[in-house]
Structures are given as structure tokens and as C-alpha cells.
Amino acid sequence: MAYRVALQPESFLCFPPVRSKRNARSPRVSMASSIRSSSAIKVETPKKPFIPHEDFLPDCSSEAFYDEVKELRERSKEIPDDYFVCLVGDMVTEEALPTYQTMLNTLDGIRDETGASLTSWAIWTRAWTAEENRHGDLLNKYLYLSGRVDMKQIEKTIQYLIGSGMDPRTENNPYLGFIYTSFQERATFISHGNTARLAKERGDLKLAQICGIIASDEKRHETAYTKIVEKLFEIDPDDTVIAFADMMKKKISMPAHLMYDGRDDNLFEHFSAVAQRLGVYTAKDYADILEFLVTRWKVGDLTGLSEKGNKAQDFICNLAPRIRRLEERAHGRAKKAPTVPFSWIFDREVQQ
Ligand SMILES: [Fe+2]
Ligand SMILES: [Fe+2]
């Protein structure tokens, strides 16, 4: 049986996409050419899209700029180094955005064929990229103004990371691709939410707002991608549950797992260990996200699956408890980790 997914992904975005006069009608596109349906997906958009320089950064055209920067630097003095390691790691991850747009454009049936294509998928991907772009912009400018971090080393890391790319093993398949992005958007929502909470606990309310507004963008993106996968479960449950199991067997790789600063060959592991210790993003979060998605997509309730689909369903539904057990065992065996220097903070040592 053939289906057709007709989605209006641009309705997830803050900014209404620019419409060409050549095509004022919302285009409806088929996905993976074998899927048919006709419902549109809507999510709430915020009342006012945020502009980093207008809402969260000192205004560089104002007389008050120097005082505002001074104030920002006073506040950031109270923030410990390990927090900055997490914030820089998050910022570097955001700054490798060209890699993520490229990844979306590898997916069959949804890629932007011309670079300015008017299909809904292409419009969505470009507007999503525009929203994501302000995350790296905002964090980068904040960190630069704080004076607490080595921007030369950070810029090097970003260049290396974009140069390295990533392979999320989604194999040009939009089923795998949207399961991956659902997972990753929730992971970034959690991570930015935690840096917001920690900034607040350390008394920097402005920084808490910055991380919080980025987290709220990620939440909307999570909603969009999980709705797309929800639709796939509705119209093609067998292939979707098999794709979900396939993605989880491969493990969801973190977008910045190839990060390098020209010095530390294990930079990503070291950054991840600090994020784990501070509770910014942890192994428990990985299991929690999986569990959330299993519930969100009602994977346990699927019926009428093929034998392969049933096996995939069993695998998925039992995976989060297994990850938790392994994690608890590893935690029990863990010894106190050494400190490691991070070039991002002028080689100061941070506890792993
Ligand atoms: Fe982001
Ligand atoms: Fe996002």
C-alpha cells in the first residue's frame, strides 16, 4: 500500500518563511516517495522570535556598551571553570551547524535540491538552520565578551569540527534521520536547560536566560521532529519501529564527537566527562530520552507488526532499563577521575 506524507514543516518555525511569488501556495511534498497521507502538522510558535543582540547581549552601538560588558564580566567571574568547559562544548556543538544542514540534505525525498527549493522540506530545513544559527551566535558572543575563555583555541576547535563533519549513520534514510533529530533536539533541550539551571544557581541570571531561550528553541524543534516521526508511526508503523531499533542499535552519536582543538586527542571524552559530572548531559539522560520517545510514540502499543517489526518493538521497549543497569554497574566501578587541562580555558585543569 502506498501512502503520501503531506506535511507543512514550516509551521514549526518562529519566522514565517519567505514565500516566492512564483509559488504562493504551500507546497505539499511526498516523503521517501512511497508514503502517502494528507494531514498537516502544527505546533505553537512563540509570540516574538528572539534576536541575540537585541534581547541578550550588550548593544555595541550604545554608549552604555562598555558598562554593560563590564557588568557581564563581573557576573561571569562567579562562574567556575568546569561550567565554562560545558558551555564552550555546547557552543562549539552549535557552531558546527553547516554539518547538520548538510546531514539533513543527505536524506532522500526531503533534501533541498537546488539550495533555494520551494518544497516544504527544503523551506523547513533552511528556516530551522536560521534558528539554530542564533544559538551559536549568542553563546559565542557571550563567551567572547566574558573574557574567561581562550577564543583562539575555541575558534580552532570549531574549524576542526566543521572540517571533520559527522556520520550519524542515518544512511540517507529520512526515517533514520528524523528519529536521530528527534533524539538530538531533546538532548540539546536537556543540555541547554541544565546550563540555564546551573547559571541561575551560580547567580548569573542573564546567562540563565540565554541558555533558557536556546533550550526553548530546542524544545520546539523536538516537538516538530517527534511529530514527524509520530506521523510515520501512524502510516507506516512496521518500517518506523524497525528504523527506530536500527538507530538505537547503532547508538545515537553526539553531533560533536569528532571535536579536536589541535592538542587533546580525547577532547570530546574529556568534555563529556565534565558534562556528566556537572549534570549538564549524562548517561542517565540518554536512557531518559529513549524512554521518553518510546512513550511519546506509543511504541509498546503497536499491533499488527511483521515478525521483524515485533522483534524491533521488543528490543526498543526493553532497551532503556538495560542501559540503566549497565550505567549503574559502570558507576559502581568508577574511580575518582584525574583532572585534565582544557585549552579552551587557557589550559587550566578541571576535574573529570
Ligand atoms: Fe541549537
Ligand atoms: Fe534545535
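Keep in mind that glycine also has a Cβ here, set from the backbone N, Cα and C atoms.
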TrEMBL Fe cation 1 site partner of Glu94, Glu132, His135, selected from Glu54, Glu171, Glu201, Glu218: Glu218
Fe cation 2 site partner of Glu132, Glu218, His221 (as recorded in TrEMBL), chosen from Glu95, Glu185, Glu269: Glu185
Glu94, Glu132 as binding-site residues, winner by CB count within 10 A: Glu94
Cβ under 6 Å from ligand 2: qualifying binding-site residues of Glu94, His135, Glu185, Glu218, His221: Glu185, Glu218, His221
For Glu185 (Fe cation 2 binding site), the three-state class that DSSP assigns: helix
All-chain count of other Cβ atoms within 10 Å of His221 (Fe cation 2 binding site): 22
Distance, Glu185 (Fe cation 2 binding site) to His135 (Fe cation 1 binding site) (CA atoms, angstrom): 13
Neighbouring C-beta atoms (10 Å sphere around the C-beta of Glu185 (Fe cation 2 binding site)): 23
Residues flanking the Fe cation 1 site, with Cβ no more than 8 Å from the Cβ centroid of Glu94, Glu132, His135, Glu218 and excluding those residues themselves: Leu97, Glu131, Asn133, Arg134, Gly136, Thr188, His192, Ile214, Asp217
